[in-house]
Amino acid sequence: NVGRNERIIDADQTFSPELRHWRDVFWLAIFIIHLIVLGVLLAIFGLNRFKTADRLNIDRYTEGFWENNNGLTETYWPKYAVAGGVGTGLGCIWLLLLGSRANQMMKVSVHILTTYLAVISVLCFWCEQFFWGVAFATGAALQFLYVIAVIDRLPFTMLVLQKAVKLVWSLPEVTRVAYAFMAVMLLWMGIWSFGAAGVVASSRGDLGRWWLLVVLSVSLFWTGAVLCNTVHVIVSGLVFLVLFHGGRNASSMPPNSLMKSLRYAVTTSFGSICYGSLFTAAIRTLRWEIRGFRSKIGNNECLLCCVDFLFQLVETLVRFFNKYAYVQIAVYGKGFNRSARDAWELFQSTGVEALVAYDCSGAVLLMGTILGGLITGTCAGVWTWITWRDRVIMVGSTAMLMGMVLVGLAMVVVESAVTSIYICYAEDPSLIRRWDPQFFNQMSETLHQRLQHRSARAREVLTQNQLDSHMQDTFHL
């Protein structure tokens, strides 16, 4: 309780300039240098095939390992424009329906994603794209198994998401922030897709062209994750203050909270955001998959031992890379690794980690993001199939990534509210009780059940180990 009170007192000085220092500056410099270098390369790739094949006369350097042709950038650039338009439209629809239909949209995302992946797999087999057909079929199977594994958690997950949507809907300025960052992302995607279209037009069936697109896609993923997490920091900082002060109109609420949160997110804390964005999403997704798979293994001791090893490894990484770090960054202005460790230690010391592990809200939001990306990629892929059938997978897969980034910028406002709710509940449960007493009771009851479940599992494992030890001693005798 003493630790909680000290943290809450510190939270009252969230936007004090004296407490803010530049964090993780090295990663900030790396990200900016990466954008500059990539921008130059994108311009070269796009201009080299714009209106005239090999305008910059660089094909002579690729002969022997690159099969050059006479494709043009403007042949494929409109396809990416369609992807940007569809992704933006889906993101805007999500934000517009946030207050009235968000819960239904999330339920649809959970149940329809498996079917959509299976349909895309069939289309890939029909187009004689065996590798991608297998990949999407595997994705559909994993998605189905994951939903089956966590089906009992979905009611609580939907409850948390519903309350997060309610909280975000009471703060209309956060949707304006999401719209603004979607516009910024669209500007960068215009440059990115120009270079990507030049790469697609540069050769036919060449491995080097795929490697270039992979590099460009990793860059786009990192840039999109940075913008998403910047929105995450802005929104979570504002939501934390609203919960802490008892409402946005409270007299104790700091003035211009949104603008101050925005300023710190794009200045002193931006390096921490760039650093965390490299690893957090991949580690979190791996953790979800291992948890779902682990719960369905059964009594296969060999397989269970291997999965437990991976599980412990990922759990260790989660201590240093978790999405709850962004709330700590927003509130206290810490570096990323310290924020991640402090958030995880806070959850473990209060027992809230059991509740966080039980919740699947992040996975549900990711399903909606993937579904939006698949729809975007399908739209661009169908148009490409009509004109250039040998480029369908290449354009469709990169367009899918564009759609995921744009829809993810809309989804992140709800995820920010979810993470802030858990941090506030761990810091001081009375903050949640004051905001929504019924929701507080439901969270407390679920936490009590999860802690009892863990205790029972621990006793069961201890009893089994003692029994095995006794049987081994008897065997030796």
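A Cβ is built for glycine as well, from the same backbone N, Cα and C atoms used for every other residue.
The transmembrane segment annotation in TrEMBL covers 25-47 (among others).
Sequence-distant contacts of the transmembrane segment (80-102), counting only residues of its own chain at least 6 positions beyond either end whose CB sits under 8 Å from a CB of the stretch, comprise 161, 165, 168-169, 175, 178-179, 182, 186, 189-190, 193, 196-197, 368, 372-373, 375-377, 379-380, 383, 395, 398-400, 402-407, 409-411, 413-414. The annotation transmembrane segment is assigned in TrEMBL to 80-102 (among others).
Positions annotated as transmembrane segment by TrEMBL: 108-126 (among others).
According to TrEMBL, the feature transmembrane segment maps to 131-151 (among others).
With a threshold of 8 Å between CB atoms, the same-chain residues lying at least 6 positions outside the transmembrane segment (177-199) that come near it are 39, 41-50, 73-77, 79-81, 83-84, 88, 91-92, 95, 209, 212-213, 216, 219-220, 223-224, 227-228, 230-231, 234-235, 258, 262, 398, 402, 405-406, 409-410, 412-413. Annotation source TrEMBL lists transmembrane segment at 177-199 (among others).
Marked as transmembrane segment by TrEMBL: 211-244 (among others).
Residues 15, 20-31, 222, 225-226, 228-230, 233-234, 237, 314, 317-318, 321-323, 325-326, 329-330, 333-336, 339-340, 362, 366 of the same chain lie 6 or more positions beyond the ends of the transmembrane segment (264-286) yet place their CB under 8 Å from a CB of it. The transmembrane segment annotation in TrEMBL covers 264-286 (among others).
The transmembrane segment annotation in TrEMBL covers 363-386 (among others).
Positions annotated as transmembrane segment by TrEMBL: 392-425 (among others).
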Positions on the same chain near the transmembrane segment (392-425), where near means CB under 8 A and six or more residues out: 76, 79-80, 82-84, 86-88, 90-92, 94-95, 98, 102, 124, 127, 129, 132, 160-161, 163-165, 167-168, 174-175, 177-178, 181-182, 185-186, 189, 193, 196, 200, 209-210, 213, 216-217, 220-221, 223-224, 227-229, 231-232, 234-236, 239-240, 243-244, 323-324, 326-328, 331, 343, 346-347, 352, 355-356, 359, 361-362, 365, 368-370, 372-381, 384-385, 431-432, 440, 443
Dominant neighbour of the transmembrane segment (25-47) in 108-126, 211-244, 363-386, by Cβ pairs under 8 Å: 211-244
